[in-house]
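Novice: The structure that follows is given in the form of structure tokens.
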Amino acid sequence: MYTTQMDAAKHGIITNEMRSVAEYEDIPVEKLSSLIAEGKVVIPANKNHKCLKPYGIGNSLKTKINVNLGTSKDCLNLDIEMKKVMAAVNMGAESIMDLSSFGDTKKFRRKLTAECPAIIGTVPIYDAVVYYNKALKKITSKEWIDIVRMHAEDGVDFMTIHCGINRSTAKAFKQSKRHTNIVSRGGSIIFAWMELTGNENPFYEHFDEILDICREYDVTLSLGDACRPGSIADSGDVSQISELVELGRLTMRAWEKDVQVIIEGPGHMPLNEIKSNMELQQTICKGAPFYVLGPLVTDIAPGYDHITAAIGGAVAATYGASFLCYVTPAEHLRLPTLDDVKDGIIASKIAAHAADIAKGIPHAKDWDYDMSQSRRELDWDKQFDLAIDSEKARRYRAESKPEKEDTCTMCGKMCAVRNINKILRGEDVDIMD
Ligand code: SF4
């Protein structure tokens, strides 16, 4: 028997989850197993999440995306939120993070792990604040850790734990005078708790206890980046790098107990800094999968941050990130609507696919080959079927009908594709008649 996927891999045991992932990724299961043993791939798979379709996360595999959802004060209906979750899964999200911040969060979390096949992640810090419903400084160290145990029992596959911001990194943060301070929600809560109580970060102080819980249920630790840059001005600063070094140390401790680990990353970051940042993370955290929140390559585009994040995400995944957290057009502005969620997912899926092509994932280009072939053949139905957003592609053409069916309204009878096909078939070309 084994405890975690990493424990199994270290002992040469091939699990059902490994077989399923190897088949999906089209790689030998023995190769996958050795990557898991080294910590370079994780399969988040809590033993209590019985309906899970397992996915592997690691930079030698297809890039995966996460979608953040969950109940809030303005959206408390569990069935509506569950519909959003299943819509996200149908659009290709491999992972859902339940960031519920109001109401009966346990009920929704259990509904997710009972009904949703995607990888389920949570941030226990958010939930602790809702669950205990008392002044922040009154929450005890034990109570923070109890929430981690509760989420593990509920079947959560991975948890963001903000354990990198300990007294030492908090001191570096206070001394460095950042442009945008701390923008991580969980990071801001635990930093405030540390300042209010004078205590060490409980997730850092009791890290071994957290590892024991993760080992028991096979929860993958997502080491949170409380000090991720919230503006390009803070990118790569002392706070970000001090925390990353701490996360590297904690990764080694987790691996000693066979606990699977992913590392969370930036944040806001200029395009030219992304490659070196991904390489630095790979070095410091010994190749542990990198989970990036963006990176947003500029700060000036509220309303379009799915685009700023997709640009950064494509570059980050090309150079080492394995897991992209989606960003919607509502980022920095409001709770996303269903349309915002859809736009965010499509943008992240494009970034992930673009990176998979760039890093040479086997067969990643096949989809593009088929699409370009259907374009050459002016086979509109096939183009719609292959489109990453079939509904939008179909709607756009329907809303702008051309005079000739074998053209579109962009160039009409000057359609290069149509005219070259005609010439190559030995036919005349009718542009002006
Ligand atoms: S009309 Fe122009 S844009 Fe439209 S399919 Fe032909 S070449 Fe492409």
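Just so you know, glycine gets a Cβ as well, placed from its N, Cα and C.
TrEMBL does not curate its annotations; it predicts them automatically.
Checked TrEMBL, it gives:
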{"type": "BINDING", "residues": "ASN68, MET97, TYR126, HIS162, SER184, ARG185, GLY186, ASP225, ALA226, CYS227, ARG228, GLU264, TYR291", "note": "substrate binding site"}
{"type": "BINDING", "residues": "HIS268, HIS332", "note": "Zn(2+) binding site"}
{"type": "BINDING", "residues": "CYS408, CYS411, CYS415", "note": "[4Fe-4S] cluster binding site"}
Novice: Measuring Cα to Cα, how many angstrom lie between TYR291 (substrate binding site) and HIS268 (Zn(2+) binding site)?
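Specialist: Between the alpha carbons of TYR291 (substrate binding site) and HIS268 (Zn(2+) binding site) there are 14 Å.
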Novice: Between the Cα atoms of HIS268 (Zn(2+) binding site) and CYS411 ([4Fe-4S] cluster binding site), what distance do you get, rounded to the nearest Å?
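Specialist: Answer for this pair: 39 Å between alpha carbons.
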Novice: Neighbour count, 10 Å Cβ-Cβ cut-off, for GLY186 (substrate binding site): what number do you get?
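Specialist: Looking across every protein chain shown, the total is 24.
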Novice: Distance check, please: Cα of ARG228 (substrate binding site) against Cα of HIS332 (Zn(2+) binding site), rounded to an integer number of angstrom.
Specialist: 15
Novice: Which binding-site residues out of ASN68, SER184, ALA226, HIS332, CYS411, CYS415 lie by ligand 1, going by a Cβ under 6 Å?
Specialist: CYS411, CYS415
Novice: From the binding-site residues ASN68, TYR126, SER184, GLY186, CYS408, pick the residue whose C-alpha lies nearest to the C-alpha of HIS332 (Zn(2+) binding site).
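Specialist: For HIS332 (Zn(2+) binding site), the closest Cα among ASN68, TYR126, SER184, GLY186, CYS408 is found at SER184.
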Novice: If you count other Cβ atoms within 10 Å of each one's Cβ, which of the binding-site residues ASN68, SER184 has the most?
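Specialist: Selected residue: SER184.
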Novice: Give the three-state DSSP assignment (helix, strand or coil) for GLY186 (substrate binding site).
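Specialist: DSSP call for GLY186 (substrate binding site): helix.
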Novice: Whole-number Å only: compute the distance from the Cα of CYS415 ([4Fe-4S] cluster binding site) to the Cα of SER184 (substrate binding site).
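Specialist: SER184 (substrate binding site) has its Cα 50 Å from the Cα of CYS415 ([4Fe-4S] cluster binding site).
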